[in-house]
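The active site, proton donor feature in TrEMBL is assigned to Tyr95. Taken from TrEMBL, the feature active site, proton acceptor covers Lys168. Summarising the annotation, TrEMBL assigns divalent metal cation binding site to Glu239, Asp240, Asp263. TrEMBL lists Asn408, Asn452 with the feature (S)-malate binding site. Residues or ranges marked as domain 'Malic enzyme N-terminal' in TrEMBL: 72-254. Taken from TrEMBL, the feature domain 'Malic enzyme NAD-binding' applies to 264-520.
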Amino acid sequence: MEALSMRGYEVLNNPFLNKGTGFTEVEREELGLVGLLPSHVQSIDEQANQAYAQYQTKATNLEKRLYLSQIFNENRTLFFNLLDKHVAEFMPVVYDPTIADSIENYSALFVNPQNAAFLDINHPENIQATLENAADGREIDLLVVTDAEGILGIGDWGVQGVDIAVGKLMVYTAAAGIDPSHVLPVSIDAGTDRQSLLDDPAYLGNRQPRERGETFFNFVDKFVKTAQSLFPEMYLHFEDFGRSTATKILNTYKADWPTFNDDIQGTGIVVTAAVLGALAITGEDIKDQVYLTYGAGSAGTGIANRVLAEFMQQGLSEEEARQRFYMVDKQGLLFDDDETLTDEQRPFARSRAEFEHPEALTNLEAVVKAVHPTVLVGTSTNPGSFTKEIVEEMTANTPHPKIFPLSNPTRLHEAMPADIIKWSDGKALVAAGVPVDPVTYSGVTFEIGQANNMLVYPGLGLGTIVSQARILSDGMISAAAHALGGMVDASQSGAPVLPPVSSLREMSERVAIAVAKEAVAEGINRKSMPDVEAAVKNAEWIPEY
Ligand SMILES: NC(=O)c1ccc[n+]([C@@H]2O[C@H](COP(=O)([O-])OP(=O)(O)OC[C@H]3O[C@@H](n4cnc5c(N)ncnc54)[C@H](O)[C@@H]3O)[C@@H](O)[C@H]2O)c1
Ligand SMILES: O=C(O)C[C@H](O)C(=O)O
Ligand SMILES: [Mn+2]
């Protein structure tokens, strides 16, 4: 960034350069800031303490988020310094679940475009100018793009979904020290099928039905090719695309460019790590597990593929591994004679001949009774669907059921961890998509792991960016799952199946090192890395002046 060519208000109004009252007297002289600020020079710690005191006066999480966004809009360094000091407390406010409220209210709350690139489906000719304008001469290493067709579990939010790209990038910096001046959030405004937005006079996006098919895919392709030519070092992260486009887009680009789909791959890694963590606690063998997906969309099938790969890595043939997987979606257990199956579901579909009464397997409870899962993962967006009966049934058939309700935000969780622990008489190992408080049951305090892709995507991105890996390989993804899965404390009763969010930085660094080492081992790093650990540590941006 051409910091020194800017002066006065240009500097104060640039969130990547602004230090506010933190500018020293010398800097004020040099940058034409004399008289533009109150005279007292504050340290970043003083600024952060003052901001934290203000933060605490805000009544709701959404108000807290808006307050922090204001700091983000004005001074990125201060924002990330503050986030660093209070990471576990701020994460639910900056990110999930509060981010869902900010997306739903984006147009009404709009004050600042937050340096995002807003691509308009009606103007493919503007893609290049949009990306160039938004990058504003900055080198871009990381781009998070959403078309917002499937925001969390809350569906299509049109241009308002841009907040998920901004929010995911906040987590990249907070967790893995990605330099916030080297990132770009991107919204593809392809219209929306949400009638309430189309009817809302305050809605800030295109008021038209969502564009699909060839027009949509051609637009995405033009965007990807343009971004690749403008930002040749870029790691490309796709977020919250719809079930019918997410895998297709990932598969189009992943063999030639470092491309990542967070819902499919990030969630796959975190849940694999959670399964490995749970098995480390119970001492069970992965080969004895029976895995049931509830909600077989992008996340559900992405997770199942990653856990399946882990079964195979641990010695099962593909056929043996597939025998241990079942999938339930709206229609019930997925059968191979069902013509509505998606391409991603089909390999997991079962034969009706395996069951005495296949016609009865149209709901989760019936399937749980028939297949006796030991692992149940919810990515269905169907709240309350892991009932007492289901949890009791699993507990009757396996000593330690592993039950992970992952649908976000909180109101969509398939069950709340406290209920699962109660219904299983303290036997279940639970992880949830959002942060939840520890649960005390029969004298044991259970810490609940947060099986959210935030635990892994920042480190995965950092490791890939630092090594300048040509692609994000399957081996790098597996290395990330193992790095995270090896971080549980099996000796402590009530231990979580995943490490706590308070150790996000340590986790991300560990994942980044494992991922970069794997890139080097595979020979796909474009940057030579004699000392991977040092390279990862040196790459981490520190939020100080
Ligand atoms: N914890 C995490 O890190 C994480 C990551 C990704 C997604 N998720 C959550 O998972 C959920 C799904 O996300 P996605 O991206 O896979 O969405 P998606 O739309 O691709 O998939 C949802 C699937 O659930 C199915 N479904 C809907 N209602 C159902 C019902 N009543 N019974 C059974 N199946 C039903 C849909 O048919 C679809 O196949 C969301 O709530 C999202 O927030 C969590
Ligand atoms: O955004 C999150 O909190 C996780 C995940 O990517 C989701 O779509 O729910
Ligand atoms: Mn997502």
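Counting begins at 1 with the first residue displayed.
Any Cβ shown, glycine's included, is placed from N, Cα and C.
Unlike curated entries, TrEMBL annotations are predicted automatically.
Listed recorded positions: Tyr95, Asp263, Asn452. Those with a CB atom under 6 Å from ligand 1: Asp263, Asn452. In three-state terms derived from DSSP, the residue listed as 'active site, proton acceptor' belongs to a helical segment. If you take the Cα of Asp263 (divalent metal cation binding site) and the Cα of Asn452 ((S)-malate binding site), they are about 10 angstrom apart, rounded to a whole number. Straight-line distance linking the Cα atoms of Asn452 ((S)-malate binding site) and Asp240 (divalent metal cation binding site), rounded to a whole number, equals 14 Å. Not a single one of the recorded positions among Tyr95, Lys168, Asn452 has a C-beta coming within less than 6 Å of an atom of ligand 3. For Asn408 ((S)-malate binding site), the Cβ neighbour count at a 10 Å cut-off comes to 24, with all displayed protein chains included. Within 8 Å of the centroid defined by the CB atoms of Glu239, Asp240, Asp263, the record's divalent metal cation site, lie the Cβ atoms of Thr146, Gly150, Ile151, Ile164, Phe238, Phe241, Ala246, Asn261, Asp262, Ser298, excluding the listed residues themselves. Cα separation, Asp240 (divalent metal cation binding site) to Tyr95 (active site, proton donor), rounded: 14 Å. Over all protein chains present, the Cβ of Tyr95 (active site, proton donor) has 23 other Cβ atoms lying within 10 Å. Here the Cα atom of Glu239 (divalent metal cation binding site) is found 14 Å from that of Tyr95 (active site, proton donor).
Closeness to ligand 2 is met by Asp263, Asn408, Asn452, these being the recorded positions among Lys168, Asp263, Asn408, Asn452 whose Cβ falls under 6 Å from the molecule. Every protein chain considered, the tally of other Cβ atoms within 10 Å of the Cβ of Asp263 (divalent metal cation binding site) stands at 25. Following the DSSP three-state reduction, the secondary structure of Asn408 ((S)-malate binding site) is coil. Taking the domain 'Malic enzyme NAD-binding' (264-520) as a whole, pLDDT averages 97 in the prediction.
Residues within less than 8 Å, Cβ to Cβ, of the residue listed as 'active site, proton acceptor' and separated from it by at least 6 positions along the same chain comprise Tyr95, Val144, Pro185, His237, Glu239, Asp262, Tyr457.
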